[in-house]
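Going by TrEMBL, these are the annotated features:
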| type | residues | note |
| --- | --- | --- |
| REPEAT | 129-163 | repeat 'PPR' |
| REPEAT | 164-198 | repeat 'PPR' |
| REPEAT | 199-233 | repeat 'PPR' |
| REPEAT | 234-268 | repeat 'PPR' |
| REPEAT | 269-303 | repeat 'PPR' |
| REPEAT | 304-338 | repeat 'PPR' |
| REPEAT | 339-373 | repeat 'PPR' |
| REPEAT | 374-408 | repeat 'PPR' |
| REPEAT | 409-443 | repeat 'PPR' |
| REPEAT | 444-478 | repeat 'PPR' |
Amino acid sequence: MGCYSDVVSLFRDIFASGVVIDNCTLNIAANSLARLHRTDLVFAILGNHLKLGLVPNVIFFSTLMKGLFLQGRVHDASWLFQKLLNEKLCEINEITLLILIDGLCKAGHTGKAIKLLHLFDEKGNCKPDVYAYNAIIDSLCKDKMMDDALALLTKMREKGIPPDVVTYNSLIHGLCTLSRWEEVKEFLKRMADSRIPLDVLTYNILVCGFCKEGWINYAENIIETMIKQGVDPDVVTYNALMQGYCLLGKIDSASELLNTMIQRGCQPDVHTYSILINGYCKSGYLDKAMLLLEKIPTIGLKPTVVTYNSMLDGLFQAGRFSDAEKLFNKMVENQEYPNLVTYTIILDGFCKNDRVPQALSLLRMMEAKSPIPDIISYNTVINGLFSVGKSSSAIGLFNALPSKGLLPDMIIFRSMISGLCKEGLLEDAKGMLMKMEKNGVMPDSLAYNVLIRGLLKKNEHCDALLHLDEMLKLGFLPDDVTCEILLKSILREGPESTLLHMLLNIKDNDQKSRS
């Protein structure tokens, strides 16, 4: 930002000297001010020029519009564009149109961007180009609106605009996210047929997608292919593969990959180390993780809050409270301030190690100061309270959620049903299922299974089967644990099991309703 400030200072000197300012100088000043989020000064310069009868060119107005978007002033940017059209202050070009379309998309107004695209496609003198289409296609893909993105691709082709590697990257990324792999193959074939080479971003998208699916061999093969094609894997490529190894518990492979990337001339970033630290912690290698954390500052990198959170979680899960406390203090000393995730990790660590009173105290401190607890924070403490038999406190905390501006979600309802069943509060658990529906949260298979298991364990067979019948009618099935409890209950009752007869009646009624 320093260079922009220097430019603005120089511009002020030129302006004060009375030297005539040409469009080139004006545009440079406008760009610097826009980057500094000072569009108010750009408007002041514009006003001064208009008073002198001078009208800036399209580059100036495009720069001003971009600056407004950078400040989140979407309405003002749209107003400026409309004013340029209505008063013909300058000739709109493809860049001006792109700035508006891209700005609208990034601000979450993709629908408005599409309308604008269609308007200029049909009537405008300035026609949208591949960059304008790419901005909208990318936005649609990120919003998982793949069918709309594919429809726009078809329209783009009909207009005679060939897609480029950026278009394909957006589409392939969107399809990978939704696991639409056959279509991914089709687009890769189209790229090959159109002689559009895959770039490092394309390969990274594929590596990341394969790793998330657990297809580590495919990911490794893709990296071999990219190297053969002369495309060097970058830190993003290696990070994605490392994450894939860690997800599969292949921590040795992840560790070896760190050495491989360094040997190949690719320098790890702090995210690389964070991934490996998290992998070590999940695999129980806490000392290795701690050594790696201590190494980070020695190679010129600074651990982030994500790095510390992974290490803290590992230490708390292992019950190493003293080490966790030291690390937390070190984190604050290094000015890497804890976030909501950090505090939720601490809450979870307290609760899982029979330190529920400390968790409750921390929650109250968060309520009074910051960060403000979210639904996950409360769910963590509610589970902890149930684990030590404090059901009334858990219920009280749950009932207080609306007063804190939070609405219970599916996860917290499941926790309540499970906790109430374990405490033998079956009527309350059944009431919780009804409360879910009243709150617009439809019970899912897991919620029903948790309740049915609780009822069966307390030999409340009639109620259990009533909810089982209701569950089946909704299209849900009992899971393996529920089936096992059902089977054990039937075997315990013997050949004349009333539970078995009830189950057979449910089956008969189900068959009649289907016929």
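Cβ coordinates are placed from backbone N, Cα and C, and glycine is handled just like the others.
Automatic prediction, not curation, is the source of TrEMBL annotations.
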Residue numbers, six or more beyond the limits of the repeat 'PPR' (129-163), whose CB comes under 8 Å of its CB atoms: 94, 97-98, 101-102, 105-106, 110, 113-114, 117, 121, 170-171, 173-175, 177-178, 180, 194
Tally of residues which DSSP labels helix, strand or coil - the repeat 'PPR' (409-443): 26 helix, 0 strand, 9 coil
Integer mean pLDDT for the repeat 'PPR' (304-338): 93
